[in-house]
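Here is what TrEMBL records for this protein:
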TRANSMEM  19-39  transmembrane segment
TRANSMEM  65-83  transmembrane segment
TRANSMEM  166-190  transmembrane segment
TRANSMEM  293-312  transmembrane segment
TRANSMEM  374-397  transmembrane segment
TRANSMEM  417-438  transmembrane segment
Amino acid sequence: MGGGGGGEEGNNLEFTPTWVVAVVCSVIVAASFAAERFLHYGGTFLKKKNQKPLYEALLKIKEELMLLGFISLLLTVTQNGIIKICVPEGWTHHMLPCSLKDKKEKESAKLTEHFQTFFSFSHIPATVRHLLADNEDHQPTAAEKLGHCAKKGKVPLLSVEALHHLHIFIFVLAIVHVTFCVLTVVFGGLKIRQWKHWENSIGDQINGTPDLESTVTHVREHAFIQNRFTGFGKESTVLGWVKSFFKQFYGSVTKLDYVTLRLGFIMTHCRGNPKFNFHKYMIRALEDDFKKVVGISWYLWIFVVIFLLLNINGWHTYFWISFVPLILLLAVGTKLEHVIIQLAHEVAEKHTAIEGELVVQPRDDHFWFHRPHIVLFLIHFILFQNAFEIAFFFWILFTYGFDSCIMGRVRYIIPRLVIGVFIQVLCSYSTLPLYAIVTQMGTHFKKAIFDEQVQARLVGWAQKAKKKGLRGDSNAQSAQGSAQVGAGIQLGAVFRRASAPEENVIVPTNEGHQ
């Protein structure tokens, strides 16, 4: 834990050996180029593997690093101006992370150390000697810190040391957030890839085009309904939510769930291709969403400011805030499990027996505010808030020490760390896999259903059709509608040509197209 005093800084560049300057610059430049080359080769590797979503996520990480660089530059350039902003001393006695008593004890311990350090140097600049002589009745650290503001009877708004520590915290927060997002997607992806053998077994069972209406299925006797259907009435509703809450902790997605949800998706969006590789589509959609959560959005920076504002002595703010991502994560997991129960209820309430296989009906109505993407926003916030908690802990630990007053009491620290680890594990192995499959049960399919070449062809075709329509019709709105209808008609044909080698031919329905 460095004191940050001016007497500890040594000589400026005018009296610093050139070999020291050269060595330090070489190390910094070499480390920077090594990091840049690592990201570059990582992007090249992802391109070769045709992993465009992950490549775009890597670009997002580069954007975050560029933002951090700009923040670093801004703090460095404005540092001298910030420390010259003077405020009445009384303003700095309110909303402190530590009590004034802790501050006085800490400063009294530092003053002697700083005083001795000043006089331990054999070559003290004349200006410093003059300053010490004129202020021998005052404490050296106080003179050093006040300086410009002391003449006005005020104190600096923010010290150089505090500004430096804030600088480090912002950097640590961004790094921890990106790391946690990557770990969550990696471990969650490993869980989802375990479902691949379910997809393969389904493909092996399908010979040609099966006749889905050749048998009669008694709905209440179907295993999916028996596992998910909780009955009718208010009691069954409460039981459904309770069951959903506990279900997320064990066997959140079973093979029966996967088979049923997969069939519901195919019968809604690509009825003509029962061999559609649902697992591959789900992985592509998850990778597509990953690039949205790896960055720190502007509204998350607002939360950072709010959290820093509320870190007041005696409030134990970060202890209570640690429950926010935990509660949200449990709510998200419960909701995703309950969507599966709702799909089962919808079928069980409408039918006693049906021809063919049991087919659930994906609809946005099952999600909060009829918007499945809200779940992704919540997961983004949960991961960020959890990263904030862990980053703040390690920042305090290595900057001020475990015994620092800002760290808080042990009985508040241990639960925070346990909650952070629990959130990371549950989100990786339960919530993220649930999100990957359940959010496909919306009214619309995601663009990941098409590979990149098909997406490019569709966009180009739609744009050309729109331009032609605009030339032939003075009514632009009607022309745009015609272009969209024409694009929908051509989707099947274009996708057939592009996906024939993979036998992944689908014919999306009109209502499923976005």
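Even glycines carry a Cβ here, placed using N, Cα and C.
Quantities reported herein were computed from a predicted structural model and do not represent experimental measurements.
Counting Cβ pairs under 8 Å to the transmembrane segment (417-438), the top-ranked stretch among 65-83, 166-190, 293-312 is 166-190. Remark: the transmembrane segment (374-397) makes no contact with the transmembrane segment (19-39), by the rule of 3 or more CB pairs under 8 A. Of the ranges 19-39, 166-190, 293-312, the one with the most Cβ pairs under 8 Å to the transmembrane segment (65-83) is 166-190.
Here the transmembrane segment (166-190) has Cβ contacts under 8 Å with residues 61, 64-65, 67-68, 71-72, 75, 158, 283, 286, 290, 293-294, 296, 304, 383-384, 386-388, 390-392, 394-395, 399, 424, 427-429, 432-433, 436 of the same chain, all six or more residues outside its ends.
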